[in-house]
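Undergrad: Here you go, one structure.
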Ligand SMILES: Nc1ncnc2c1ncn2[C@@H]1O[C@H](COP(=O)(O)OP(=O)(O)OP(=O)(O)O)[C@@H](O)[C@H]1O
């Protein structure tokens, strides 16, 4: 029968087997990878995301590549151990059948050795795989965040023709699943293939001829398992296919429901003032009912799919016994052989089924690849958007600057401005006339602008919007933003707060809170002014930066700027006439792109 192993030299035979299969599999996988990355879209996407990490010339040297090879080696060891365990089981049952006690105890000893190796190997495999997944995730997250922030793509992306949706989900969820799915699918495919070949050989050895409808089929068991799994797979695939779309929709409906909840939370005060609960309830109810309707559809489809798969598994438990039973009863094979046939049948079945079951995972894996490379493309496209040319200078000079709306309507036509150190300009005009968009153009954030701008770059220019952004963290962080809070000592912070008339906050510097909710809009604007004193830019652009303050406060803040930074150029945007007295020039924008510049009388 040839189903006995020479256990005394098996460690050597197995070592040679493992090394040769490892070398062959590593070379085969490398070749396959080259072909996939050359001829498939998803292969190219994978290369873009993974190769820089695994290249020995990358940041982490050889470690990532060596980890993958180690994972491959461990997977091959696992297949070999399963093969050995199937022979051990055969020998043990045969010893029992022959009432051969010494042989039985010998096989128990062999089992203990194999089981120990199996446990140690599994534990080590979990460590190596998970460590690689974590390190890969860290690397990729760092790379994606850097790419997203680079050239302010995170903001300018909204102006690209196909604005990318949910970059947050891509960076948090998709990057999390990409390394994990790559390893699971890759290792699963390789070990299934190796297992398929190994156990098919065992089945081949154990199977005999079978007469079907008068025709004798040699090695029948081997052919039967393949035919069985292929037919079962075709049916399972047809039953399970709608699940791919249903699962995709489930994620989308959940995300949409969550977004509505977050939006309500973020705008809670606004909604509460307007008593908008009924409308919000309606929106939440509709979105949630989509989630639930889809959940029922998933359930009914899943019942059919699982029911079929379970039936197939149950049949596969008894099928090998049924087929081999006549040969066992006619004493052509032993009980051990019968049992080993069944386990080999199970292994071949599982290995073949991997490719069927992985279809679903592979579909979501491709979606992850699409989303991640889509984000990288969107970042590139955002960086490539046009913007006004900005060159370094100590003051502000604008020449031939034309600002348009996306629909090509002109907001500001051919603007020329020259503001020397210490000068100040107030920009006014009708609502929607393009004042904020002009500021965006000067900051190179608006892609529909052309012309030349000369101004200080980096910290030399500071743009203060109507509502300054307050980061999550302490008040000290908010005060120092975009610099690090750690560099601002108590005395300096207290002095700044006193100057912008917020002395009462000096003892809350290290409190962590959502300060944009806690502070009133006017207090937030005062904090914005304190930042000007921290950064000390050469040019400050203030876009309705005092709109929430009374005139007395407005005056004292502008006086403060002039006292502390007499040479700073100030460009303010605002509707209020009270602002006029703090500026020496006025720029009035019209609705059709025209503009007029005039001197202001100082009072
Ligand atoms: N991302 C955008 N896509 C399309 N149109 C935009 C976009 N951003 C601004 N606009 C349009 O550009 C015009 C100018 O807007 P802008 O915010 O500059 O006006 P503004 O003068 O600052 O108005 P306000 O005084 O009300 O603040 C508006 O008609 C606005 O609808």
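Glycine residues also receive a Cβ, built from the backbone N, Cα and C atoms like all the rest.
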Undergrad: Any idea which of 104-124, 125-145 is down as transmembrane segment in TrEMBL?
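TA: Of the candidate stretches, TrEMBL labels 104-124 as transmembrane segment.
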Undergrad: With a Cβ cut-off under 8 Å, give me the same-chain residues at least six positions beyond the ends of the transmembrane segment (183-206) that come close to it.
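TA: Sequence-remote neighbours of the transmembrane segment (183-206) are 1-3, 21, 25, 29, 71-72, 75-76, 78-80, 82-83, 86, 129, 132-133, 219, 221-222, 225, 324, 333, 337, 340-341, 344-345, 347-348, 350-352, 354-355, 358, 361-362, 365.
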Undergrad: Can you say which of 16-41, 104-124, 218-237 has the most Cβ pairs under 8 Å with the transmembrane segment (62-84)?
TA: 16-41
Undergrad: Across the domain 'ABC transporter' (396-603), what does the mean pLDDT come to, as a whole number?
TA: 91
